[in-house]
Amino acid sequence: MSQAPPYPGPTPNYGGGYGGYAPTPQQPYDQKSPYEGERFKPKKRINDPIFLILFVLQFLGFAALSGIVISSWVSNGGLGGGLGKAGGKTGTAITLNRSTVYLLLLVTAAGLLLSTAYLMLTRAFTRMIMHITLVLSILLNIGICVYYWITKYYSGAIIFTLIAILSIFSYWGFRSLIPLASLLLQVVMDVAKHHMSVYVVAFVALFIQAALAVWFTFTAIATYAKYTPGNPSCATTSCSSGKVAGLIFYETFSFLWTSQVVKNVALATLAGGPFGSWYYFGPRELGEMPAHPTTSAFGRASTLSLGSIAFGSLIVTLLELVKMLLQMARNNANADGHPVEACLACCAACCIGFIESLVEYFNRYAYIEIALYGKPYIQAAKDTWRLFKDRGIDALVNDSLVGMTLTWGAYAIGLLCSLFAYLYLRFTSPSYNVDGSYTAPVLLFAFLIGLQCSLTLSSAIEAGVSTIFVGLGEDPQVLAARAPELFSVRLTLPSTTVLY
């Protein structure tokens with residue numbers, strides 16, 4: 001299959017020759033200045049300083065608590081335990097021991113490996129993987145629905161029956177957008193191929209997330225070890241289940257918020273750096289792109305705009321915590337035999353989860369406004385909403401399969417990490433888990449580690465997709481020069497999904 005000639009000048013043929021679509025003929029257009037509206041050159045001011053201070057304080061609090069509990073845990077020999085069956089049976093049988101630390105370290109390594117492998121497979125088999133993830137998403141909804149009916153969990157069964165029906169009816173609409181979504185993903189990955197800083201930022205963020213996950217794991221285990229009644233440290237320290245629950249809740253909150261901030265700083269760095277510069281200035285070979293755009297974007301995201309990023313990340317974190325509390329309430333109601341309360345809690349958790357997904361999705365575009373223009377969070381959110389309303393981007397954004405493909409892969413990696421953790425517990429038989437009471441939290445930790453690792457890596461690609469959408473809303477004709485084939489495919493969409 002022949003590829004279209006590069007345009008303009010030495011520009012690579014981004015996404016060219018994929019799917020057999022012919023590029024649009026080159027047409028003149030009135031391109032706006034890349035620096036219009038303080039783009040790439042925002043005012044030097046710290047935005048949302050209150051949330052910046054709160055974020056720094058909570059992180060310092062987590063670090064102080066971590067130092068206290070880990071110091072005590074180490075001084076008590078880590079409560080014993082090690083790798084393998086013999087090692088796993090040593091140490092205390094009261095709570096988590098060193099065997100779990102080794103397990104979750106291995107889970108983190110597996111998460112890193114699986115995340116990298118999935119991204120490579122997505123690059124090589126984009127269209128096929130999009131079809132697979134779409135079908136699997138529908139089958140997963142049907143499977144959960146059937147399982148809940150079989151187990152007589154009627155509240156969840158009713159909800160997932162509706163979700164399964166909606167997913168089946170929406171299949172053809174999603175399927176019709178696969179050519180555009182797959183080509184868009186190809187273009188973004190081609191841009192990343194010419195800007196290695198994309199992968200540098202992604203892998204640095206990934207390793208920071210992995211280190212944060214390991215740190216959180218050590219802290220949580222050390223908290224269990226220090227404050228669970230019956231442990232050796234209780235001879236000199238007040239121990240109670242309530243204290244353990246409160247500290248674990250705070251540590252989970254801190255971990256989720258910090259993890260969100262790390263991910264979103266990486267997103268803003270990529271949007272304001274290689275992807276934004278590629279769209280507004282053109283490829284590096286044209287000589288118009290500023291020197292070191294990624295470094296400049298990271299400087300803005302990690303200093304002047306960090307408070308705004310922390311603000312948006314806090315909203316998602318609080319929604320995630322509320323959803324977790326509602327899920328716990330649902331489980332307790334089921335255990336106590338209260339189906340009405342369980343149904344209400346399940347419905348509330350689903351609503352909160354839906355709102356969280358919308359907020360997180362919307363925030364991604366607000367962070368791009370922050371990265372490009374240096375706006376405070378509230379102003380960026382208002383401008384993002386106005387852009388969606390004025391240009392009609394919401395139709396395509398809500399139907400895009402790119403996020404579904406990458407997110408579904410992240411959940412699959414999380415499940416594989418949980419399976420690895422389960423097999424480890426099954427074959428090593430650690431003494432603290434003889435009755436299986438710690439299987440659930442260990443599997444949850446493993447799932448979170450795998451999920452966060454994969455989401456961080458895929459966020460680099462989503463940053464490019466979202467940046468192109470924002471650029472389309474502001475100056476759509478630029479895409480005809482940057483990626484003519486994508487511009488051509490976009491024009492073949494039905495009128496309900498046109499971008500402007």
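From the backbone N, Cα and C atoms, a Cβ is placed for every residue, glycine too.
The annotation region 'Disordered' is assigned in TrEMBL to 1-37.
Marked as compositional bias 'Pro residues' by TrEMBL: 1-11.
Summarising the annotation, TrEMBL assigns transmembrane segment to 50-74 (among others). Remote same-chain partners of the transmembrane segment (50-74), defined as residues 6 or more beyond its termini with a Cβ less than 8 Å from a stretch Cβ, comprise 215, 218-219, 221-223, 225-227, 233, 237, 247, 250-251, 253-255, 257-258, 261, 306-308, 310-311, 314, 377.
Long-range contacts of the transmembrane segment (101-121) within its own chain (CB-CB distance under 8 A, at least 6 residues past either end) are made by residues 78, 81-83, 129, 206-207, 210, 213-214, 217-218, 221, 409-410, 412-413, 416-417, 420-421, 424-425, 428, 442, 445-446, 449-450, 452-454, 456-458, 461. Per TrEMBL, transmembrane segment is recorded for 101-121 (among others).
The transmembrane segment annotation in TrEMBL covers 128-150 (among others).
If you look up TrEMBL, you'll see 156-178 (among others) marked as transmembrane segment.
Marked as transmembrane segment by TrEMBL: 198-221 (among others). Nonlocal intrachain contacts for the transmembrane segment (198-221), taken as residues 6+ away from its ends with a CB within less than 8 angstroms of a stretch CB, comprise 62, 65-66, 69-70, 73, 96-97, 100-101, 104-105, 108, 111-112, 115, 191-192, 248, 251-252, 255, 258-259, 262-263, 265-266, 269-270, 273-275, 294, 298, 445, 448-449, 452-453, 456-457, 459-460, 464.
Annotation comment: TrEMBL describes 241-258 (among others) as transmembrane segment. Here the transmembrane segment (241-258) has long-range neighbours at 55, 58-59, 61-62, 65-66, 69, 212-213, 216, 219-220, 223-224, 227-229, 310, 313-314, 317, 320-321, 324, meaning same-chain residues at least 6 beyond its ends whose C-beta is under 8 angstroms from one of its own.
What TrEMBL records for 265-281 (among others) is transmembrane segment. Below 8 angstroms of C-beta separation, residues 34, 39-40, 188, 191-192, 195, 197-198, 201-202, 204-205, 288-290, 293-298, 300-302, 305-306, 309, 364, 367-368, 370-372, 456, 459-460, 462-464, 466-468, 470-471, 475, 478-479, 482 of the same chain, each at least six residues beyond the ends of the transmembrane segment (265-281), sit close to that stretch.
Annotation comment: TrEMBL describes 301-322 (among others) as transmembrane segment. Residues 42, 44-55, 249, 252-253, 256-257, 260-261, 264-265, 268-269, 272, 352, 355-356, 359-360, 363, 366-367, 370-371, 374-377, 380-381 of the same chain sit 6 or more residues outside the transmembrane segment (301-322) yet have a Cβ under 8 Å from a Cβ within it.
Note on the transmembrane segment (401-425): residues 103-104, 106-107, 110-111, 114-115, 118, 122, 129-130, 133-134, 136-137, 174, 177-178, 181-182, 184-185, 361, 433, 439, 442-451, 453-455, 458, 461-462, 465 of its chain, located 6 or more positions outside it, place their CB under 8 angstroms from a CB of the stretch. What TrEMBL lists as transmembrane segment is 401-425 (among others).
Remote same-chain partners of the transmembrane segment (437-457), defined as residues 6 or more beyond its termini with a Cβ less than 8 Å from a stretch Cβ, comprise 95-96, 100, 103-104, 107-108, 110-112, 114-116, 118-119, 202-203, 205-206, 209-210, 213, 217, 220, 259, 262-263, 266, 406-407, 409-411, 413-418, 420-422, 425. For 437-457 (among others), the entry in TrEMBL reads transmembrane segment.
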